[in-house]
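Everything below concerns the one structure shown next.
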């Protein structure tokens with residue numbers, strides 16, 4: 001599988017500031033993209049790509065807080081690092097309460113910026129891998145027939161083959177056939193492993209007949 005390269009985005013209308021931060025972050029080994037407006041970022045960027053967003057609080061046309069609101073509405077999981085002036089602390093607190101990763105005051109200390117970017121990117125990659133894992137599990141589950149899904153859900157809830165057959169009004173051999181086929185397609189060897197997978201994507205409720213302990 002190809003390695004995903006995290007992207008550090010800088011959204012700020014101050015071009016001189018953007019270039020200086022880009023040069024520093026690139027020297028630290030980051031891949032950096034610059035957007036001089038929130039509108040341009042929304043039009044051109046793919047926020048599903050892991051990394052982080054360094055975002056100025058105050059910009060013309062669309063503020064940093066307005067961009068944050070737009071990203072939340074789109075379900076974009078990109079960690080946001082807000083840049084604020086001395087008079088924007090209350091706004092920064094508001095941003096944190098609505099999911100921002102962190103905020104830094106201008107003028108920005110380069111080493112502090114790199115440290116916060118490192119933490120934000122680490123968080124983003126972990127979230128990206130979790131999402132990708134969930135998507136893979138969902139694809140495997142969707143590959144099952146409707147009857148295989150019925151059987152494996154009940155098996156994952158620790159129901160015996162006999163009880164599954166009675167609940168679904170099918171014979172014991174039929175239950176065993178669908179169970180075996182579902183396990184093979186999911187790549188699991190036990191009902192407990194099936195439970196772990198199905199609970200991850202919300203097909204069975206946490207603790208439904210089982211425990212991870």
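A Cβ is built for glycine as well, from the same backbone N, Cα and C atoms used for every other residue.
Note: TrEMBL annotation is automatic and uncurated.
Copied from TrEMBL, the annotated features are:
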- 7-121: domain 'Response regulatory' (DOMAIN)
- 137-202: domain 'HTH luxR-type' (DOMAIN)
- 56: 4-aspartylphosphate (MOD_RES)
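Counting only same-chain residues at least 6 apart in sequence, those with a Cβ under 8 Å from the Cβ of residue 56 (4-aspartylphosphate) are 11, 12, 13, 14, 64, 82, 83.
Looking just at the domain 'Response regulatory' (7-121), the mean pLDDT is 91. Taken through DSSP, the domain 'Response regulatory' (7-121) splits into 55 helix, 25 strand, 35 coil.
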